Every structure is written in C-alpha cells, then in structure tokens.
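Here Swiss-Prot flags Asp21, Leu22, Asn23, Arg36, His59, Leu60, Gly61, Arg62, Arg113, Arg146 as substrate binding site. Under the heading ATP binding site, Swiss-Prot lists Lys197, Glu314, Gly340, Gly341, Asp342, Thr343, citing similarity to another entry as support.
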Amino acid sequence: MSVIKMIDLDLAGKRVFIRADLNVPVKDGKVTSDARILASLPTIKHCLEAGAKVMVTSHLGRPTEGEYAEEFSLLPVVNYLNDALDCEVRLVKDYLDGVELNAGELVVLENVRFNKGEKKNEEALSKKYAALCDVFVMDAFGTAHRAQASTHGVGMFAPIACAGPLLADELEALGKAMDKPARPMVAIVGGSKVSTKLTVLESLSKIADQLVVGGGIANTFIAAAGHNVGKSLYEADLVETAKKLMEECAIPVATDVACAKAFDENAEAEIKHVSEVQDDDMIFDLGPNSTAELAEILKNAKTILWNGPVGVFEFKNFEAGTRGIAEAIAQSEGFSVAGGGDTLAAIDKFGIKADVSYISTGGGAFLEFVEGKKLPAVEMLEARAKA
C-alpha cells in the first residue's frame, strides 16, 4: 500500500490539519476513557515539535448534522489536552473561513459533525477544510471506511494528503497479516451469528491455513458437522453455507463443549462431548479438550488474526475457552493482530495486551479491511500518493 507518510514530511511552518479519532466517552464534561486521545498524542506532539501550525479535529457522538449541541462538543477533549500537553490549547468553533494560529501552536476545531455536508462528503465543505491547510493528515483508522468530508473529501483537495503514524501502523500491521502472511496463518472469528460475519469468514477462508470459529458462530458449524446443538444460538439456514466453508478451508470443529440449561451468569458449566449435547442444552463455550487443541494450533502459528471471543467470556463459568485462546496467542512467537470491541475487552480481561503484536483501533474499519473491502480514506491517500 503506497501512501505518503506524515513522518517523512518537513512540517516546519506548515498549516497541518489532523483528522484524529477523538470520539471518546464523556460524562459531566469530563473524558471517562482516554485511550483514543492517548493514541493520538504522538502524532500531535510530532507536529508541534516540528514547528507546524497544528489543527486537530474529530467527530464525537452523533449530533444532528449542521446543529451545535453542547453535549457533543470537543471541549472536554480540549481540557484534557491542556493538561496532557501542559500548554494552552484553544477550541475554535467557527473555522470554515480560516483559522489564525502560530507555528508550534495547537488548536482543536469543533466537532466536524456540526458542519452540514460532513457525512455526505460534500465537495463545498471538503474544499473549505482543504483551504485551511498545507498538509492534511488522516490518522483516524476507525473512520477510514467512511467517505466523509473530513476523512476523504478534504484529502482530495488539500495540497498534500498523508497518513498519520497511527493509520500508517494500522495499515502495515493488517497488510502483514492479510497480504503476505508468514505461514501457518490462523484466523479466529468469534461472535454470535454467521450472518454478521459471513463476508469475513469467506474472505479469511481463502487466506488462512486454519480458520477457528467460536461463540454462536461455532454452533452453526457444529450443526453442520451433524451434531445436535440443543437450544443453542445457531442459524439453521446457514448450515449449508458452513458445510461449504468447511470443504474450502480447514475449520476445526469443537470435540467438547461447555453447556448449561439457561443463559445465566451463575449457571454451572457442564462439560460434554459434542455428540452428547441434549435437546435442552445451550452451548456457551469450548470444552477443555477443544481449547487445548486450538491452543496447540495457535502456539505453532506464524501469523494470527483474532476477531471475537469463542464463548460467553463475560460469565466466569464460561470464560475458559476465550482465556485459553488468549493465553495461547500471548505465548505464540508468531505475529498477532487483534481487533473488534469484544476482542479488546477479552484482551483487557485476561491481561495479554503487551503480548499481542498489534491491537487494531478500528471496529467497522478493521472488519471491512479483513473482508477485503477498499477503505475510502485509504484509497484517497493512495490516489494522492500517485498524483
């Protein structure tokens, strides 16, 4: 993937417009989770230290487009940056007709979704953003799958459009896992339904040497292998699709499972061979033998792509499968990439953050990349790099 990288540019004295992902949770005017801001700080600091005139913006929440609403203001982010950078950071509300700032100064441009035409990627708004800067930096991978004025349109008209460090790292890591993976390559896809991950499964079945399925998705494959899944969540209409995928790719099906009679946090886990599941059973996790078999596969993998837990890991009695998978990934010497909200929650719960090679910051964008779709913001950066 050929894009211009921000770190390769001379930014001294340049007006730099950074589209970051600062869409953080806010309560009572305070940022309650700063992970996304922390991820963006190195990009901002690099520009400031280079002597650039720095403008950073983002969306926050889902305001009615074109209307200001205080609850969706970036002011809490500005207050956070003031403390984190120990310098004065201004919030600029009206900026479409120009922004005055000095070299080495940082301003935050108010929520892009307050601007009419943002979501529809309107050309007039895109050109106004572009007129603010000498260099446009796209650094929000989480919104790279959306063609909007601040993620795509602005880059078409800015003098220079480049990838920020976060976006560049993300593309490099995902490219390493997907385009030319070291083998064997193992992909793990968990989640409740095959239907929501079908394109992901089809895409990965063509790349992976082994495709591990978990959660409700695994139940459909267990049914496809001819076993009873009782009252478990599964999709009968996709059993034939699962069979077809099993013919195309090595998909290990669980040999034992953890069941209960009801979806209850306190339900006791009953370990059963997959052939012994009763009509009133519900499968909530992999059994110990299946977990051990998959752990062995993962330990020998050279590339691992992980999206989704393999069981109801939020319940203590049904966390063992996901824990076993997480620990095997942590122990693997292969290159590992993980992404998706539930996956990140599992990584946090089992304390393996430092042992995963790369953790993706994008939910929808991560999935679309894995599906093999072109991300509009990335396509734009590639086109500008060629121009």
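Any Cβ shown, glycine's included, is placed from N, Cα and C.
Keep in mind it's a predicted model, so treat the numbers as computed, not measured.
In the set Lys197, Asp342, Thr343, none of the binding-site residues has a C-alpha within 10 Å of the C-alpha of Asn23 (substrate binding site). In this structure, the binding-site residues under consideration are Asp21, Glu314, Asp342, and the one with the smallest number of other Cβ atoms within 10 Å of its Cβ is Glu314. Taking the Cβ of His59 (substrate binding site) as reference, residues of its chain lying under 8 Å away and at least six apart in sequence are, in sequence order, Asn23, Asn111, Val112, Arg113, Glu118, Thr143, Ser150.
Fewest other C-beta atoms within 10 angstroms, among the binding-site residues Gly61, Gly340, Gly341, are seen around Gly341. Glu314 (ATP binding site) and Gly61 (substrate binding site) have their C-alpha atoms 26 Å apart, to the nearest angstrom. Other Cβ atoms within 10 Å of the Cβ of Lys197 (ATP binding site) number 25 in total over all chains. Counting in whole angstrom, Gly61 (substrate binding site) lies 17 from Gly341 (ATP binding site) by their C-alpha atoms.
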